[in-house]
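Report on the structure given below.
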Amino acid sequence: MGLTLTQKILSAKVGREVKPGELIEVDVDMVLGNDVTAPVAIKEFEKIGIDRVFDNTKIALVPDHFVPNKDIKSAEQVNIMRKFAKKHGIVNFFEVGQMGIEHALLPEKGLVLPGDVVIGADSHTCTYGALTCFSTGVGSTDMAAAMATGKAWFKVPEAIKFVLKGNLQKWVSGKDVILYIIGKIGVDGALYKSMEFTGNIKALSMDDRFTIANMAIEAGAKNGIFDFDEITEAYVKGRAKREYKVFERDVDAEYSEVYEISLDEIRPQVAFPHLPENTRNIDEVGKVKIDQVVIGSCTNGRISDMEIAYKILKGKKVHPDVRLLIFPATQEIYLECVKRGYIEEFIKAGAAVSTPTCGPCLGGHMGILAKGERALATTNRNFVGRMGHPESEVYLSSPAVAAASAIAGYIVSPEEV
């Protein structure tokens, strides 16, 4: 049998064909850490007792979870990163003012490219598979080892193929597609497998693909990965500062399962507490009142997400009982929002607009929920206590549903505002 897209990339790194279940060691093209995970990795790295990192251009340190520093502990965490970056001449350390949410920032800067093998000490490192690379999350100890050796080990995953057909309806986006898929297969439906997306992927923008790959981990996947096409090429062109290699799956590649997804049939989705698999069509949600709406995160903080929110919010007001928080994912996206007039309209509508940060997504800061409060968010997880008090609730949706709901005061379709 032939090789899947993930097998093709890993085989090229190993220098021979690899099979699912094999344990392999490969050279990595990028090692990533943030202000939660990198300080732990740095301490482990220093225990190894070597003088330098394997390559100061292939490590990215991005403080994004608790920045701008929310307290003394978070300030100390970032300072560990800052000192390490200076000591080892880490080229890709992003200080406050340059940083963004890591999984939006690295593709934007051209630091992850097609054909790469990327590891990050953050579970949503799988985002970069939208660019036809193998990327996956690891622990801080694996990050430390990779910073020292430039290598990582994996068990080669089996793969599931998702064949996309048709086109998206109005107000339906990549977020709705991935919530629909997770609702279909469950949070363990792709456990330690590669989710490979093919078919009519031209129906999806690059931002849609980032969103879908980002949430592959919410189905338990090792990685999510898209075919390379002209949309991928257009995104990478002008960003890539080094050569990259495009891989294609074999026509006779073996998959553990194959799903056909009819994009035409997908309506806006909402994931109910407390798992991303608890999805319902917007028409089946009912009148769920909300206290807070969050638009942003590594899942939905890109310029197209901001544009959708702008189109819905323009000339309208946020419901008086709702707090609307908007987080452009990077400084570049924030600046583009300013240039296009989005920020002005957000503020006129009654939203609070923040510098890039993960903020409330992980219950960090800038939008923590109190007991009994309910939020609708464009983030990727809605576990118990994820955004604050254990007795609060988080619902997940697209930016379109989130913006419309902020106006209505309850979860609603964009068609209704």
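Note that Cβ sites are derived from N, Cα and C of the backbone, with glycine treated the same way.
Annotated [4Fe-4S] cluster-binding residues in Swiss-Prot are C358, C361, and among C133, C298 the one listed with them is C298.
In sequence order, D64, H65, I101, H124, G296, S297, T299, G301, T357, G359, L362, T379, N380 are the residues of the same chain, not among C298, C358, C361, whose CB sits within 8 A of the CB centroid for the [4Fe-4S] cluster site.
C361 ([4Fe-4S] cluster binding site) falls within a helix when secondary structure is assigned with DSSP. For C361 ([4Fe-4S] cluster binding site), the same-chain residues lying six or more positions away in sequence with a CB closer than 8 A to its CB are V294, G296, S297, C298, A377, T379, N380, R381, R386, M387.
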